[in-house]
Amino acid sequence: MDIVLTAVAVMTLIFVVLGLGVWVFSGLAIVALLSLVLIGDVSFHRAGAILSRIIFSAGNSWELSAIPLFILMGELIFRSDISDRLFKGLEPWTKKLPGGILHTNVFGCALFAAVSGSSAATTATVGKITTTELKKRGYNRSLSIGSLAGAGSLGLLIPPSLVMIVYGIQSEVSISKLFMAGILPGILIALLYSGYLIIRALMNPSLCPPENVSQISKLKSIVLLLPVISLIVIVMGAIYTGIATPSEAAAVGVFATLLILLKERQLSFAMIQEALIATLLSSTMVCSILITAALLSTAMGFLHLPSELARYIANLHLSPAWLLFALAIFYIVLGLFLDGISITVMSLPITLPIVVQAGFDPLWFGVFLVILIELGQITPPVGFNLFVLQGLTGEKIGQVAKAAFPFFILMCTAALILCLIPNIALWLPNLLSPN
Amino acid sequence: VTKFDFTNEYNATSIHAQGDQYFIDQVSKLTKGDVQITLHTGGSLGFKSADNFYAVSDDAVQIADTLAGSMAGIDPIFLVSSLPFLVKNEKQAEDLYKIAKPYYQKIFAKNGQILLYASPWPASGIWSKKTVTNKQELANLKIRTYDKNGTLTLRDAGADPIKLSWADVVPQLSTGGIQAVLTSADAGASGKFWEHLDNYSAIQYAIPLNMVHMNKDEFDDLPKKDQQAILKAAALTDKHNWQAVKTRVAENYKELVAHKVTIHKDLPKPFIHWLQESAKPSLKEWLKDTGQPGQTIIAEFEKSK
Amino acid sequence: MLIRFLATLSRQLNRLSGALAMLLIVYVLCHILLEIVLRLFGTSTYVLDEFVGYAVAAITFLGLGYSLERNSLIRVNILMDRLPERFHWLLDLLVSAMSFTIFTWISYYWYINTLRSFQRGTTSSSIAETPLWIPEGMVLIGLVLLCFTLLVRMLLLISTRHVPHIELAQSHE
Ligand code: NA
Ligand code: NA
């Protein structure tokens, strides 16, 4: 079958199956099976052998362990008064800023991204802490969910980053340099988001309720922020001194949270039990979708879809600028229904050589690619940040996707800026390690 | 036209992927395009090396390139190519492979598969920050190892072996969490280890093999002439790969020198002897695990030296 | 009568496997922390990524039935919202049947594989030489329990003609 037609057929299948209201995790498995059998002409018997093995292989993954642990950390913080103090402590800093503590979402995610390698974990943890509080205070629902969806995906761009490690291994670009290259674009995106929040708040003050003018001085607010600050210092410290690997950071985070709660005398057996129940529910939801998304990726691999599409682009012999544009469309389209790591692995053997041939620095392309992949996290029908937020807030997926849309546009803008000024990515790695 | 999918875990520029592509090109040429094979590099089909044996057996995927050591839990005979300090160079590794081949073939046959060809790794050595050329310098060295025998051997040799996933290796090197890595010059070069490490000790720890195996039913379903063509392509690739690994090592060394990595080739005899002694328990245990076949292989190999 | 018994059974089984999954989360935490401490002293458990991998797989699959009963697995309700209330159970039945079918089918193939690992004594190639049927079996149990939970859900839907409403388990059991 024609490759474009195949892509359209798969997308239709996803929309129909998920639209029926099948649980997302089983819906993805069903689409994987149907694609293999109906489009790929694979026998049911072979499809059974394929999918049963992949479902175990994808679940049996050390990298996934960060997800339940980071969620546990979020649940513990949520159940203590650390989150409450975080908002109180931020008030004196943000009260002059239009948008108020909505900015907590953006800067919370940017900071948290520095300890977590995945965007699902970033969104889930920060979201757990902020969504309830922002709702309680009467902030505009759509802005608070949207900013969280967008900023959560910074988890991939600000180091450490799982996708960058995969890209580095595949492209033989230095992982350390990739990590450095992601920092400034990450900050750029965070600033774009904050700027957008400021503009929206200025245009329509009713989106953000007036905060009770707090009497807390900036000095006193530091005391309130101390638990969160020390958490971040401990976890980042553990990673950047080499005591823990990025994959282990989540365990350090939970441990540090437990210590702080113990010191503050807020730890109880009932609380731990509640947190564990909530963690199991959230992490099962997230991990099961990640696992069956791997089934879908495998099915697409057997259909040769990503590689054929990439080859199609390669054969167009475009000028460098049009090539980037075509690749951006290509990755955004794949990002609609596949997860970032799979897309990277399946397409790179074909796209990377064309990109290098066209004269682009593979280090720069890595950052560009990560931004494109981040976009896929917030686009329906399969967008992990959307799923996480749907689970957290109970809002409909359509609402969540709509709320995330302005941030999708902002991230596209960031990708464009990165094309126009490549040094945003390259400056820092070249400064710190020339040659 | 018959279409097959071929999975491997390594990136497109790796020696394994290049060998596999060579095989695919040969098959295409020899069958005049009757058999088309698509290579999926980087584990992009979702299969890890540990999945491959039964994935091919069950025809989930038709052909796979699999690290032999990862099949040790299916039969310990697969460990022979990664036994520490058994072979000294590529020539001996090839001899050992030829001696052990009938045993590999038997296991694959019993599971509905055929062994097509082997894909050897460049020899593994020690990448490190400081020089590691004697027993004292090895003592308490935090070094990342990749398999059970490496861990046991280096522990007995006085180092502190650490097990980490490959994705964690570079972050840990950059922060100093580990000081050394046991791997080939090739793998280190593709991870740009010279950004963090300055030395490579060519201890010739082992020359492990990858094996490329195919589902037997799929093979049998092909017309006779295509079967012949595949076997011929496999034989050609086998030859190609044993040659490629030698050129690869030479290229790697040039690259290392260009990046100011000091290569320690002629290591002091007592150091090598100490390492070999430390590896003895692993060899002994392997002989116990495999019984008669293992002893026969080793005996024949010693005779061939 | 039988349906009510099955529903209770399903609840109890899921509670048990949920508890096991939570214990495994605690285990993962402890093992990683232990490894960090050991590494500081230049030693290791040598099995961290392997065992934690098994545990994560087990946590997710053992948690599936548990989460399904508590309505915390997300779905897209575009169609449901447009359908009159009295047809909701029918749509839910269709969706449950589809899910039941695919996971029964996957479980069947995974059962064949797990049985083979058990009969042949296949182990991992690590230092631990873990018998593979153990982690594979945990995933199998989770899958089977998921199928059972879906089956009970279908029976409940048919008998009550109502979508089962079990509150989101924010509070205690
Ligand atoms: Na990150
Ligand atoms: Na998406």
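Placed from the backbone N, Cα and C atoms, the Cβ positions cover glycine too.
The transmembrane segment feature in TrEMBL is assigned to A:6-39, A:60-80, A:100-122, A:143-167, A:179-199, A:219-240, A:246-263, A:275-303, A:323-356, A:363-384, A:404-428. The annotation domain 'TRAP C4-dicarboxylate transport system permease DctM subunit' is assigned in TrEMBL to A:13-424.
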**Asked** Considering pairs 6 or more residues apart, do the transmembrane segment (A:179-199) and the transmembrane segment (A:219-240) have at least three CB pairs under 8 Å?
**Response** no
**Item:** Same-chain residues at least 6 beyond the ends of the transmembrane segment (A:363-384) whose Cβ lies under 8 Å from its Cβ atoms
**Value:** 14-15, 18, 24, 28, 119-120, 123, 149-150, 152-154, 156-157, 161, 163-164, 167-168, 171, 173-174, 177-178, 181-182, 185, 189, 286, 289-290, 293, 296, 324, 327-328, 331-332, 334-340, 343-344, 352, 355, 397-398, 401, 404, 407-408, 411-412, 414-415, 418-419, 422, 425-426, 429
**Message:** Using a Cβ cut-off under 8 Å, which residues of the same chain at least 6 positions beyond either end of the transmembrane segment (A:404-428) come close to it?
**Reply:** 145-147, 149-151, 153, 180-185, 188-189, 192-193, 196, 324, 328, 361, 363-364, 367-368, 371-372, 374-375, 378-379, 383, 385-386
**Fill in**
Top stretch by Cβ pairs under 8 Å to the transmembrane segment (A:323-356) (candidates A:60-80, A:100-122, A:143-167, A:246-263, A:275-303) is A:275-303
**Prompt:** Between the stretches A:6-39, A:60-80, A:143-167, A:275-303, which one has more Cβ pairs under 8 Å with the transmembrane segment (A:100-122) than any other?
**Reply:** A:143-167
**Prompt:** Ranking A:6-39, A:60-80, A:143-167 by Cβ pairs under 8 Å to the transmembrane segment (A:275-303), which is first?
**Reply:** A:6-39
**Prompt:** What is the pLDDT of the domain 'TRAP C4-dicarboxylate transport system permease DctM subunit' (A:13-424) when averaged and given as a whole number?
**Reply:** 88
**Long-range Cβ neighbours of the transmembrane segment (A:6-39) (under 8 Å; 6 or more residues past either end)** = 46-47, 50-51, 55, 285, 288-289, 291-293, 295-296, 298-300, 302-303, 305, 309, 333, 336-337, 381-382, 387
